[in-house]
Amino acid sequence: MECLNIDKMQGQREEKLGNTEEELTLDGTVDKHGHPAVRATTGRWFAGVLLLVNQGLATLAFFGVGVNLVLFLTRVMGQDNAEAANNVSKWTGTVYIFSLLGAFLSDSYWGRYKTCAIFQAIFVAGLVSLSLTSYIFLIKPNGCGDEKMPCRSHSTVHTVLFYMSIYLIALGNGGYQPTIATFGADQFDEDHPQESHSKVSFFSYFYLALNLGSLFSNTILVYFEDKGMWTLGFWASACSAILALVLFLIGTPRYRHRKPTGNPISRFCQVVVAAIRKWKIEQPSNGYELYEGDGRDLADNGSRNILHTKEFKFLNKAAIITSKERFDNPWRLCPVTQVEEVKCILRLFPIWLCTILYSVVFTQMASLFVEQGDAMKTKLSRFHIPPASMSSFDILSVAAFIFIYRRVLDPFVASLKKSSQRGLTELQRMGVGLIIAIMAMVAAGIVEHFRLKYANIDCPHCTNSSSLSILWQVPQYVLIGASEVFMYVGQLEFFNGQAPDGLKSFGSALCMTSISLGNYVSSLLVSIVMRISTTDNMPGWIPGNLNKGHLDRFYFLLAALTAADFLVYLICAKWYKYIEFEERSIRKQDEEKQGDLRF
């Protein structure tokens with residue numbers, strides 16, 4: 001009888017453990033109290049939709065300032081075109097550089113929820129400050145800042161307040177953007193069949209929310225600000241950001257969280273230093289002789305051990321155990337997982353470099369595409385089409401191709417592969433994005449070639465100087481939008497999925513820094529092309545009067561460079577080895593407990 005009672009008790013404990021495992025998430029996420037997250041009451045699409053709406057509203061607020069900042073600098077702050085363009089480039093680049101700061105604080109110390117909340121509060125403070133500064137000090141006299149009436153000069157204090165405001169906006173938005181994408185992905189358990197599929201879909205909807213938010217800014221807010229209603233536009237952005245923050249805080253009880261894992265820079269340096277110290281030691285014949293660690297640093301946050309790989313063999317020396325080794329000194333001995341984290345970053349680096357040239361193509365939409373459109377026929381009957389509003393076709397293309405890919409193309413490719421898995425891998429999708437970007441540049445070059453045929457060469461200002469309709473630009477905008485769905489959504493999924501568990505926000509930040517460097521490389525490329533093409537008294541490919549230049553040649557040059565980048569990308573993608581994880585430590589512990597009971 002005593003044996004039967006023991007067996008009965010063991011059975012009850014096994015059943016309890018089994019039920020708990022079904023109720024709790026499998027990826028180690030926790031609720032706001034730090035307890036294991038319960039699947040039914042946390043995360044999933046309730047939290048995901050809140051974060052998607054939050055992203056759309058925050059994007060609306062950001063582009064409500066950024067899309068017309070160059071006009072504000074010229075009309076209100078009294079800067080010339082070159083100075084204003086330079087200041088906007090610096091500001092835009094700073095936004096994306098701050099993304100690295102947000103990712104670092106999120107992964108290392110604050111966690112994603114706290115990082116999102118703090119940087120959104122900074123973002124709101126910057127927008128409110130800009131709105132007040134503009135209304136009280138900068139828009140003077142009243143009604144100035146439109147195309148006809150410039151504003152009066154400003155004191156140093158007013159100028160300082162303005163720059164403090166816009167750089168608070170840059171800090172808030174930059175630190176928030178990479179973290180919110182990763183935090184949204186945390187709401188779905190990638191070890192659960194249904195939720196893992198939802199997690200993949202989330203990145204597509206996240207990019208769609210970003211584009212829908214910018215659509216409102218690029219149409220409605222642009223119109224009011226172009227008419228000189230700057231304060232109205234800025235207050236609309238501020239209210240949108242406040243609403244975004246309120247919605248974010250409303251979801252607090254339902255969010256799933258991951259605990260920060262500590263400073264990744266020191267972990268990276270420890271591997272390098274430990275490997276250098278043992279550079280004379282011979283490599284072991286296989287990975288089983290390397291130090292695996294005790295796993296105590298992984299058990300608390302659901303992180304996973306990374307399987308040993310053969311690449312970058314020199315770094316393996318950091319995990320070799322010698323007779324003089326001390327297991328409590330990470331600057332001399334590092335576990336295999338820590339070594340593999342460094343290898344992961346090194347593997348991602350070449351892929352990331354290949355995405356920068358794509359960002360060069362993407363940035364043309366906000367610069368040369370607009371200038372090209374301004375030199376075309378912008379009237380359709382009596383209706384005037386603002387050249388900057390053509391980006392609406394890009395946004396609509398993004399929305400359409402996200403649906404086409406998720407509902408049509410992806411299932412079709414999966415059926416051809418005769419597999420239940422998803423169709424194209426992230427690397428394959430990024431390659432498709434590069435191919436479509438080449439097509440977009442070729443299309444833009446062809447349109448420019450025909451625009452020049454119908455152009456007035458002697459036009460001094462080059463506005464509406466060609467009889468070719470601006471609607472001929474639609475294909476290049478649509479192709480750019482299609483390429484974004486494959487490249488940028490693929491990037492978000494790839495860098496988030498391939499980054500180690502403690503560096504997920506850093507993976508998302510790589511996408512933003514790619515766009516930042518794309519802006520800088522684009523400016524450098526334009527400068528080089530102009531310096532070379534203006535020799536022998538020639539006006540160059542991109543002069544002030546586009547009718548006397550050859551913008552089409554610049555587009556074809558970008559197409560050729562992107563084609564070369566695609567070939568390099570193929571080599572890097574072929575070389576890349578996907579990260580392989582062991583089972584999560586939490587699940588392993590539960591299995592060990594169950595095994596002990598059964599024994």
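Heads up, the Cβ atoms here are built off N, Cα and C, so glycines get one too.
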If you check TrEMBL, which stretch out of 94-111, 472-489 is marked transmembrane segment?
94-111
The transmembrane segment (430-450) versus listed stretches 94-111, 117-139, 202-224, 230-250, 348-370: most Cβ pairs under 8 Å:
348-370
Let me spell it out: take the transmembrane segment (390-409), skip the flanking residues so only those 6+ beyond its ends count, and list any with a Cβ under 8 Å from a Cβ in it.
201, 204-205, 207-208, 211-212, 214-215, 218-219, 365-366, 369-370, 373, 423-424, 470, 473-474, 477-482, 484-486, 489
I'd like to know if the transmembrane segment (510-534) touches the transmembrane segment (94-111) in this structure, counting it as a touch only when three or more C-beta pairs sit under 8 Å and are separated by 6 or more positions.
yes
So, taking each listed stretch (117-139, 230-250, 348-370, 510-534, 554-576) in turn and counting its Cβ pairs to the transmembrane segment (45-73) that are under 8 angstroms, which one gives the highest count?
230-250
